[in-house]
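Peer 1: First the structure, which I've put down as structure tokens, then a few questions once you've had a look.
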Amino acid sequence: MKKEILEWIISIAVAFVILFIVGKFIVTPYTIKGESMDPTLKDGERVAVNIVGYKTGGLEKGNVVVFHANKNDDYVKRVIGVPGDKVEYKNDTLYVNGKKQDEPYLNYNLKHKQGDYITGTFQVKDLPNANPKSNVIPKGKYLVLGDNREVSKDSRAFGLIDEDQIVGKVSFRFWPFSEFKHNFNPENTKN
């Protein structure tokens, strides 16, 4: 009987160590701050950020990521353009490599916009710190925008982000539990 109890205690201890390692080195929690991703992610909601998997699988357009905006702040935004993409917005319409792209995650904000446009018109070369002679996103850089474009501070304000600024990809929202969601890619976004 004592041996069985000891085995249970060891099993539970090992499970806690594994959970700690997974929590510390593979997935980390993040609390949404602000309204820049509303209604996809709202202020105060909690998400799990995969800090390893995106490095092996790569980032794709439409992924939602957390990144270091500066020494003190992390932001959460959607990847709009990846290295090698030619990105352009014309009157709220996204074109990547010359092809019009759907952005279903903007439906709510387009219906409730305050002005004429929520994204406007710009090209990669118009962004801060960009090469004024090229509309192509360079290697190691990403264009990120918030889903709530009218209030979001994103690549339009600070330019392309470096790959090494990225903390990880949002895997799922776990709080509030009633709003649990595990995939934020465009084809799975309805609002």
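Each Cβ is built from the backbone N, Cα and C atoms, and glycine gets one as well.
Okay, so Swiss-Prot annotates it like this:
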- S36: active site (ACT_SITE)
- K77: active site (ACT_SITE)
- 1-7: topological domain 'Cytoplasmic' (TOPO_DOM)
- 29-191: topological domain 'Extracellular' (TOPO_DOM)
- 8-28: transmembrane segment (TRANSMEM)
Peer 1: Kindly assign K77 (active site) to one of the three DSSP-derived states: helix, strand or coil.
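Peer 2: Going by the DSSP assignment, K77 (active site) falls within a strand, counted as strand.
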Peer 1: Please work out the helix, strand and coil residue numbers for the topological domain 'Cytoplasmic' (1-7) from the DSSP assignment.
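Peer 2: The composition, in the requested order, is 6 helix, 0 strand, 1 coil.
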Peer 1: Near S36 (active site), which residues of its own chain have a C-beta under 8 A away, given they sit six or more steps off in sequence?
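Peer 2: Non-local contacts for S36 (active site): Y75, V76, K77, G146, D147, N148, V151, S152, K153, D154.
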Peer 1: For a quick check of packing: other C-beta atoms within 10 Å of the C-beta of K77 (active site), how many?
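Peer 2: Other Cβ atoms found within 10 Å: 24.
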